[in-house]
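Taking it in order: structure first as structure tokens, then the write-up.
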Amino acid sequence: MTNDNWAQVSEELKQAVGANNHTTWIAPLRFEGLVDGVARFHVPTTFHGNYVLQNFGDQILTQLARAGITVQRLIFAQSANASAAPRPAAPQPAAPALAAADDEDATPSATLDPRFTFDRFVVGKPNEMAHAAARRIAEGGSLGFNPLFLYGGVGLGKTHLMHAIGHELKANQPHLKVVLTSAEQFMYRFITALRDKRMMDFKQLYRSVDVLMVDDIQFLGGKDSTQEEFFHTFNALIDAGKRIIISADRAPGAMKDVEERITSRMGSGLVVDLFPTDFELRVGILQAKADYYRAQYPGIVVQPGVFEFLAQRISNNVRVLEGALTRLFAFASLVGREISLEMTQDCLADILRASDRKITVEEIQRRVSEHYNIRLSDMIGPKRLRSYARPRQVAMYLSKKLTSRSLPEIGRRFGGRDHTTVMHGVRKIEELKATDSQIADDLELLRRALEE
Ligand SMILES: Nc1ncnc2c1ncn2[C@@H]1O[C@H](COP(=O)(O)OP(=O)(O)OP(=O)(O)O)[C@@H](O)[C@H]1O
């Protein structure tokens, strides 16, 4: 890892830890070196070092792993001369290799994030299907599908589920060679292999795995030769009966600049959508994460109503929710007070302001009518022509998925229609989504535009 790598990782940590925490705790760290999996940082005070290790250690390790930098341990210490060479690290336990031990060196796999296990994944309606499919793969045995394609918006748990599969396989079937990589890392390794004329090694490496997991596959869009190579790897593994799990931020058919033969191959197994979280799931996630924080900050009390308040006000991505909780616990431990609603509002004012934007049924109707080029009055009005009815059903479907309105409430906003009409519309679009790629693309596009 170079200073530049660290600068980039540090920048990415900003989102995870929040701008204030970043300025106070992360920015003063000075990277000194990486030796034998131990990254060493100079810190202004010992307290600073302990605080960072305790509160942000996990996040720093995760972000480093995401950047493809394998670090097993972090040391934060004051050094007499901050630019001195890194000191040799104390002997470490074996690295948590994801693949079988005999090919540790060669395996191009990311380090598993210890936080991303099935135990710590909270299941609710929006993600139950994705969770069940991931569990099936992790259990091993024969599957009725291959590959598994997980997709959904930012921070909904795709990466978490992939790591959880990795943990489970590592524990129960350690002989399997499991590789978890981001599409970006795959491309990087492919280009390096081309440059170093080591393509045979590259091919052999990826084609010898038992389980291949590729995160954020949309990144391959427009990278033609990498796509080609991925396609061959993919086919070779599928033909050999090996398992593949892919994640993306959109459905296979909605992927931009990825060849159709590839997207149709990727969509030929089980395609599962992770829906935006609903209120219950957000409360569940907050409770689960808080249990974890309580172990780190014993004695901190969260007053009733705080989780519900946060789940109501922060409805976009789980990462933001986590960042909010991290900040609250850190603050409460510093000032030695209970986490009250008042403290939550003060301490998270910036996050709450940014999350205030809520998707409304009216906004969905407006966007959908623009998209299909029909008048808003026709979308809401009584006309039954297919050219109005289908966009209306799309808007009903999105209203159900992206807002917390009930079916009768949605019906009222669609010209006083009955809730059974809305239910029928939602079901119809659900069916079409699986069979009609145009509808799937439209939904994806609209969802992204609305969630921006
Ligand atoms: N259901 C859940 N239960 C517990 N934690 C969750 C859940 N969903 C998401 N998270 C947490 O939210 C954070 C973001 O999740 P993750 O990185 O898996 O998102 P993602 O879908 O891969 O998004 P991106 O494509 O932006 O990386 C992680 O810390 C993860 O643990």
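Glycine is treated like the rest: Cβ placed from N, Cα and C.
Here TrEMBL gives region 'Disordered' for one range in the set 85-112, 113-140, 225-252: that range is 85-112. A Cβ within 8 Å of the Cβ centre of Gly155, Gly157, Lys158, Thr159, the residues given for ATP, is found for these other residues of the same chain: Gly152, Val154, Leu156, His160, Leu161, Ser247, Leu274, Val318. Each of the binding-site residues Gly155, Gly157 was scored by how many other Cβ atoms lie within 10 Å of its Cβ, and the smallest score goes to Gly155. In sequence order, Ala130, Leu150, Tyr151, Gly152, Asp215, Ser247, Leu274 are the residues of the chain that are 6 or more apart from Lys158 (ATP binding site) and have a CB within less than 8 Å of its CB. Per-class residue totals from DSSP over the region 'Domain IV, binds dsDNA' (333-452), listed helix then strand then coil: 89 helix, 1 strand, 30 coil.
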